[in-house]
Amino acid sequence: MAAAALLAAVDRNQLRRVPILLLQPREWAWKLRTMKYGTTPGGSITKVLIANRGEIACRVIRTAKKMGVQSVAVYSEADRNSMHVDMADEAYSIGPAPSQQSYLAMEKIIQVAKSSAAQAIHPGYGFLSENMEFAELCKQEGIIFIGPPSSAIRDMGIKSTSKSIMAAAGVPVVEGYHGKDQSDQCLREHAGKIGYPVMIKAVRGGGGKGMRIVRSEREFQEQLESARREAKKSFNDDAMLIEKFVDTPRHVEVQVFGDHHGNAVYLFERDCSVQRRHQKIIEEAPAPGINPEVRRKLGEAAVRAAKAVKYVGAGTVEFIMDSRHNFYFMEMNTRLQVEHPVTEMITGTDLVEWQLRIAAGEKIPLSQEEIPLQGHAFEARIYAEDPDNNFMPGAGPLVHLSTPSADMSTRIETGVRQGDEVSVHYDPMIAKLVVWASDRQSALSKLRYCLHQYNIVGLRSNVDFLLRLSGHPEFEAGNVHTDFIPQHHKDLLPSHSTIAKESVCQAALGLILKEKEMTSAFKLHTQDQFSPFSFSSGRRLNISYTRNMTLRSGKSDIVIAVTYNRDGSYDMQIDNKSFRVLGDLSSEDGCTYLKSSINGVARKSKFILLDNTVHLFSMEGSIEVGIPVPKYLSPVSAEGAQGGTIAPMTGTIEKVFVKAGDRVKAGDSLMVMIAMKMEHTIKAPKDGRIKKVFFSEGAQANRHAPLVEFEEEESDK
């Protein structure tokens, strides 16, 4: 009996230490209530295979360990040394880095499940989690698929079908075209009838893939083709639907659970309105400003949606909501969501444990009336991306990674450690920072406090952007909607952020003290007592020494006149402002800290020097100050080569629109690159004629590689 096996496993392991990342906000006794219902016959689950990678694989493995269920990981060649491989009881290689040859290879995963004797497969999210064929294949092979039946995945995965089912179930839907005629002309005609702006959406899938907003007929064709390519790449299906685009809506979703006995409940709503590239970046539960009556109606509509397709397991019903709190069905995600931890935090539940128990044949652990809603939770997604460059995803090693401490109201969901690499082949998410407090304002304060403690060096991240976002007055007021980032672009992404002179003094002080440390180390180990490198500080008895230092903020050089004083302090002058500076470096927990006093104001910052850049992290924020490198030592400029275009990141050339000899205008599309599962269009930087195209379709281009070269313009005579 599946449920009995699971309960016995829990009993055997009840004295194990619960991983701190999964400790609940309060010591609720919900686990005792999960055992009130009788068990039902089913297949025994003693071992589960996780058909995924990264943080969600780690998340499932932790709960499996807590329940005494053995875990089996799968990994691609790129993930051989990854965190989820180390955490699992067993791990199996399933192929090369590209997901089509590994994490999307159904037959390989089924074969691993058989050879490892895993009775169940947890698909996580993404990859095969909403693949009807995979769910059906598991059933045929006698393997429990931890998710809904394939019929529910089919009905909810095809958006046109799901809209019809929802309308029949009495769930409000948005006006649109969901027909079988997929010709460009038909879609264009319906877009015109609906009225611009419209949303082009992939019939299958989700996560912002294959989705485009079209504001005029002139741009319809290009956006349609782009959405088709991305949908084909992500879901192997380029069918599209057209919907009326609701300006400044809220994205509100409801967590639901169903079981094999016909029961269904909702675990309240989440607000996921704040997005970039149609992907969520910060989520919260419950949704701000929603009164109990609207909350009940949302939940009941979501349960009707789940029951309409005989839903089993974890699912999310997504709605768009207007300013008057009218809501309309958007789609149903037939899997566990990325943002599920905020629901766990406000309800005191472990949704992965619910998934495993329900898959084993148990009833839903709690009735609707027993599910509590207490406090407020936020989740911030920390990505390897450059917000100042249109959120361009990045890849590379996490040279330095330090995080806030996990406690009963703070969770860090991650699949990487310091020294690991964010791969170009997969989603660039580094971690999810999840916090809980008794009310929204307290939770928001805790989120900002923890973000200040999330320090990353080695690649660009969005941590500073998340700090600006969470500190914006309109966000604090709960006035969120899907256009929040574009509407507040100037506040969230300032074009010129000036570094305070005090921060420049901190960087200069850190470099001087680091120089002294290196000099002392040299003197300690050198055999040449008369080496000039033994005397580099410039300090002499009864003499003040002055030197000029040049640091760089962005593209601007900053000259600091530094005077070494006899008492060990420094006088620094930047422009016409003077500072008295003193301090020291110390080491704590493997990190270097700079303690400084600048004009009598004490500061403490984490100090990291990497690749001619000083990184300072403190509770006031983070800054980067560059150390200029002579031009003859500099690499090729990232602005371009030979007046052409360069690859903004490492990726695959998906489409090439031009050839040598073509004339183009500034803004014309030259190529399409695929990286981090996202499509990026390379535009012409100027008018001109193409001299050379360096890559063909399907080729791999490294970051900063020249893509297209323009002919030299003839000078005016």
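Backbone N, Cα and C define each Cβ position, glycine as well.
Record note: of Lys193, Lys501, Lys523, Swiss-Prot gives the feature N6-acetyllysine to Lys193, with no matching annotation on the rest. Record check of Lys233, Lys280 in Swiss-Prot: the feature N6-acetyllysine is attached to Lys233. When Lys159, Lys180 are compared in Swiss-Prot, the N6-acetyllysine annotation sits on Lys180. Between Lys201, Lys244, Lys577, Lys606, Swiss-Prot assigns N6-acetyllysine to Lys577; no such entry appears for the others, which is not proof they lack it.
Comparing Lys209, Lys490, Lys683 with the features listed in Swiss-Prot, the residue bearing the annotation N6-acetyllysine is Lys490. Per DSSP, the secondary structure of the domain 'Biotinyl-binding' (622-711) breaks down as 3 helix, 41 strand, 46 coil. Long-range neighbours of Gly208 (ATP binding site) (same chain, six or more residues apart, CB within less than 8 Å of its CB): Gln275, Arg277, His278, Gln279. The recorded positions recorded for this entry are Lys159, Lys180, Lys201, and the Cα of Lys201 lies nearest to that of Lys490 (N6-acetyllysine). Counted over every protein chain shown, other Cβ atoms within 10 Å are most numerous around Lys201 among the recorded positions Lys193, Lys201, His251, His278, Lys577. Nearest by CA distance to Lys193 (N6-acetyllysine), out of the recorded positions Lys159, Lys180, Lys233, His251, Glu318, is Lys180.
Comparing C-alpha positions, Lys180 (N6-acetyllysine) sits nearest to Lys159 among the binding-site residues Lys159, Lys201, His251, Glu318. The candidate set comprises the recorded positions Lys159, Lys180, Lys233, Lys490. Of these, Lys159 has the most other Cβ atoms within 10 Å.
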